[in-house]
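Enquirer: Here it is, the structure in full.
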Amino acid sequence: MGNMNNSVEESTDLGTVLRKGREILLQGFNWESHKYDWWRNLEKKVPDIAKSGFTSVWLPPAVNSFSPEGYLPQNLYSLNSSYGSEQLLKALLNKLKQYKVRAMADIVINHRIGTTQGHGGIYNRYDGIPLAWDEHAVTSCTGGLGNRSTGDNFHGVPNIDHSQHFVRKDIIGWLQWLRSVGFQDFRFDFARGYAAKYVKEYIEGAKPIFSVGEHWNSCNYNGYGLDYNQDSHRQRIINWIDATGQLSTAFDFTTKGILQEAVKGQFWRLRDSQGKPPGVMGLWPSRAVTFIDNHDTGSTQAHWPFPSNHIMEGYAYILTHPGIPTIFYDHFYDWGDSIHEQVVKLMDIRRRQDIHSRSSVRILEAQNNLYSAIIGEKVCMKIGDGSWCPTGSEWTLATSGQRYAVWQKQ
């Protein structure tokens with residue numbers, strides 16, 4: 001009977017967690033993690049992850065892959081990867097469950113590496129492994145016999161044709177299996193590679209507790225650097241969320257792009273023309289997953305890194321503001337105890353003051369060297385070199401560090 005109760009709890013409708021808006025996510029890996037017996041490493045950290053207050057840990061792709069990082073999947077039903085064996089993965093998933101932290105699976109379904117050569121002499125068939133698709137599962141634009149892609153191409157590999165009913169049926173079956181293995185949340189990789197309506201169908205079919213999509217386009221740049229106005233950039237992400245039936249959240253790449261320029265002494269960027277935060281967070285905070293860096297933008301790939309001497313200002317911003325903040329493994333575990341402690345302190349304040357994904361924001365200052373705001377009328381913060389503190393005796397300093405300070409009401 002006990003088990004039945006658990007499953008009833010889990011099948012609460014998809015919106016519960018989104019409505020509450022009290023999530024804090026940990027990205028639990030970087031680009032090099034596959035070299036380090038990763039499932040075992042993370043299992044040791046679960047008590048600390050839970051104690052720190054994370055609600056979900058995004059794990060790297062857990063299925064068999066052609067590349068060690070996991071982003072070129074082949075046999076979707078094999079849970080042996082360079083991160084560790086199926087047995088070690090299941091031990092980690094059990095530990096997370098025991099500590100009431102959800103496990104987020106990295107869902108890589110834009111493309112899949114074939115096992116045998118088919119049409120045109122390329123590896124676009126999947127003979128000999130589960131989901132033994134033929135060339136009709138591969139888009140015509142990437143050498144298959146399927147339809148054209150419903151999104152952008154991930155070049156050099158067969159892209160999956162999600163317009164095929166048999167493909168979607170098989171993907172939903174696989175996602176349901178991942179749920180039964182112990183993954184509760186999903187992160188959709190390269191989400192601009194296929195239509196968002198399919199993400200909606202996959203979420204409805206597998207019923208994850210929480211989903212987030214990686215819809216990453218370039219921000220708007222001019223000859224001098226980043227444009228002040230990134231409305232068209234955030235609108236693309238918002239349109240994608242909308243097209244998932246509002247069931248998924250999305251990483252707020254707009255906020256990341258703006259914030260990493262702002263901290264260099266351009267804090268005016270953090271107030272848009274309407275006086276609101278300029279990222280997805282400013283328009284649809286309950287669906288905006290904020291972050292500073294990930295395994296692509298930071299880590300050893302460093303495609304678009306946050307300035308390393310300013311990351312605490314970045315975390316002071318996302319952890320006091322609406323949206324759903326995400327902490328990157330490297331910052332939390334590899335950059336020293338001081339950063340770990342400072343982040344945990346900010347997480348504590350967020351929780352104690354009940355700042356959530358829809359909390360209100362009043363921006364007070366947004367100048368070159370200073371940004372300050374009051375959030376939820378309970379927390380007040382500043383970042384930048386400029387000195388500033390709130391007026392009124394009801395505010396007391398909650399925490400501070402290099403170029404940031406946070407106050408709370410008595």
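Cβ atoms are placed via backbone N, Cα and C, with glycine included.
Feature annotation from TrEMBL assigns domain 'Glycosyl hydrolase family 13 catalytic' to 23-362. Residues annotated as active site, nucleophile in TrEMBL: ASP189. For GLU214, the entry in TrEMBL reads active site, proton donor. Look at TrEMBL and you will find 351-409 tagged as domain 'Alpha-amylase C-terminal beta-sheet'.
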Enquirer: If you average pLDDT over the domain 'Glycosyl hydrolase family 13 catalytic' (23-362), what do you get?
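Expert: Taking every residue in the domain 'Glycosyl hydrolase family 13 catalytic' (23-362) and averaging pLDDT yields 97.
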Enquirer: How many other Cβ atoms are found within 10 Å of the Cβ atom of GLU214 (active site, proton donor), counting all protein chains shown?
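Expert: The answer is 20 other Cβ atoms.
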Enquirer: Please report the distance from the Cα of GLU214 (active site, proton donor) to the Cα of ASP189 (active site, nucleophile), rounded to the nearest angstrom.
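Expert: Spelling it out, the Cα of GLU214 (active site, proton donor) and the Cα of ASP189 (active site, nucleophile) are 5 Å apart.
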